Amino acid sequence: MRKKEGRTMIEIKDLWYTYPGRTEPTLKGVNLKIEEGEFVLLTGPTGCGKSTLLKTLNGIIPHESGGVFSGSIRVNGIETRNSNQMELSSAVGLVFQNPDDQIFSTSVEDEVAFGPENLCLDREEIDKKVEEALRMVGMAEHRLDSTNALSGGQKQRICIASMLAMMPEILAMDEPVSQMDPLGTREILNTVRELNRELKITILLVEHRLHELMSFADRVVIMDGGKIVLDQPTSKAFDYIEVFHRLGLRVPEPVELCHTLGIKASPLSAEEALAVLGAGNCKEKVKTPRNFSNPEEETGRRTDPAERNEFVNTGSGNIKYGDNRSENKGSENRDSIISIRDLWSGYEKNRMVLKGINLEIRKGERVAIMGTNGSGKSTLLLNLAAMLKPYKGSVKVFGGDIQPRNSYSFAGRVGFVFQNPDLMLFCDSVDEEARFGPFQLKYKDIEERTKTSLEAMSILDLRQDLPQSLSRGQRLRTAVASVLSIDPEIILLDEPTTGQDRVNIEHMMNYFKDNCSTLVFCTHDIEIAMLYATRLLVMDDGRIIADGKGREVIKNIEILKQASLTQPPVVEIANYLGVDAISITELVEVLTRRSSEVKKDDGENYERMSSELTNSELADSGVVNSELADSGVVNSEGIKC
């Protein structure tokens, strides 16, 4: 599509859309204009219509979806309803929310080459575009890999590379970094921002993780109930913080901290927050972690790579560092509900993903697993769920070996939710999905479990809906509900907060905290891990490199760096201020207490100094008593009024 003169790239007027089989419109009178070169962040509660809006830009809606469509959408001056998808697709690159919906080639190279091949380019130019696109997303070394062997985050990178190889005028991305580690997220967003600035590619990006996106976007658009309810420049968006709170959106920690303290400012980083709080320019100092329980043995002072089997005392507990391949070879702990010994596992015999894992998990623990994309987190969960056969070593659950051949005996006791919920949904309604697990129970018990699980995931009002018609976040909660209904003793979750807004994340994780016996979950969201896990495992290259309490592991910068993780902003701020806090609530409580203590000490010191100050001393100082009395500071006796 040849670029038209003028700067309006997307113009939407009074857009209404209703999916086939539904009576309630998903989009309700949307009006939106985006100019050439803008970077627009589109956010809103789960199920508000964000993904649907993106699909209208390249003609998937209404050309492929059907349904009832009205209104006008112009892309670079071209009316989408009157254009064919081939023409639209050359102008609009769409990255889907679920990478598995987009990837169809068996190799990374073929997937990225598909677009340029359809433009009938010569082989040399295609190779050049593939190489450059993979380099931009950090996947050049995976060019010949099978797409089936990639992690979720790596698949997202490949989908982005496929679009970059086409160099569209508009790049529309639906939660493109939701499965990436923090470092990978920044790398991809920096690449996208560079293309946006240098080539004036227009960006429309849907995301819930505002703390990672706000600093890249020029403009923030919020949807709710199929309508746009806020459209502001990034610099002014949090002037309307009540809208974010009302809709259950996650506000970046520095912004939330300032507003909680009554400071009208919207810093997007720890450094900016400290400047607002009067701590000056702290770009370097804020990165220095401190251990306030035992300063002599701070984990943050470690500069050497973690050695195998090394224990570091952190004052309030022990954290183990290293790959732990050779320890704990004896009998498993009697309290362990899960016991792993020297586990080697992978998808190809000559390419192991897990490399000598040893792990004990006790009943009642909530264990978060973090690490870089491809580090083995999902593979570890698949072994715990008996969906992968170990190449070497053993996995024991409830004291018995768990392997694919006898996994049926654990089916009702271990519940597993895939990273991609669509792999689990096959019924005609949400209600049927929740009923499927306990279908052999008595009718009354089935009813009770179904209702309880749907309520726990806040989808009771969607019970008659077709799962495939829901948003990704709603589909994920449906998959979780289908597992909760069998009432398992162990729940395994792979990225359970993907596609969820703040309210649904808190509701889900609080339910697990209060009702689940044992929980093991993978996540890239370090804030969630810190708040809801009793124990944090960090993985890198198929090995566990740290294992301990989250508030202790988080202080080790070297470990975090090795696993492509970063400290949450509130922890960075607390470190600089000399406060041991991992949440806004903790930090505010400490700062408030310190402020009160300072005021009390100042008052007591002033009282003492005033009472000790005699009239003669006042006279000697050249200050007249009557003048002090007139000032209201002290009375004629030299005592503070």
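Including glycine, each Cβ sits where the backbone N, Cα and C put it.
What Swiss-Prot says about this one:
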type    : residues                                                       : note
DOMAIN  : 10-250                                                         : domain 'ABC transporter 1'
BINDING : Gly44, Pro45, Thr46, Gly47, Cys48, Gly49, Lys50, Ser51         : ATP 1 binding site
REGION  : 286-332                                                        : region 'Disordered'
DOMAIN  : 338-566                                                        : domain 'ABC transporter 2'
BINDING : Gly371, Thr372, Asn373, Gly374, Ser375, Gly376, Lys377, Ser378 : ATP 2 binding site
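The distance from the Cα of Lys50 (ATP 1 binding site) to the Cα of Lys377 (ATP 2 binding site) comes to 29 Å. In this view, the densest Cβ surroundings among the binding-site residues Lys50, Lys377 belong to Lys377, judged by other Cβ atoms lying within 10 Å. Excluding Gly44, Pro45, Thr46, Gly47, Cys48, Gly49, Lys50, Ser51 themselves, the residues of that chain whose CB lies within 8 A of the CB mean position for the ATP 1 site are, in sequence, Met223, Asp224, Ser471, Gly473.
Neighbours of the ATP 2 site: apart from Gly371, Thr372, Asn373, Gly374, Ser375, Gly376, Lys377, Ser378, residues of the same chain with C-beta atoms within 8 angstroms of the site's C-beta centroid are Ser151, Gly153, Asp181, Thr379, Met539, Asp540. Neighbour list (Gly47 (ATP 1 binding site), Cβ cut-off 8 Å, at least 6 residues apart, same chain): Leu470, Ser471, Gly473, Gln474. Across the domain 'ABC transporter 1' (10-250), the prediction's mean pLDDT works out to 93. The most densely surrounded of the binding-site residues Ser51, Thr372, Asn373, Ser375, Ser378 is Ser375 (count of other Cβ atoms within 10 A of its Cβ).
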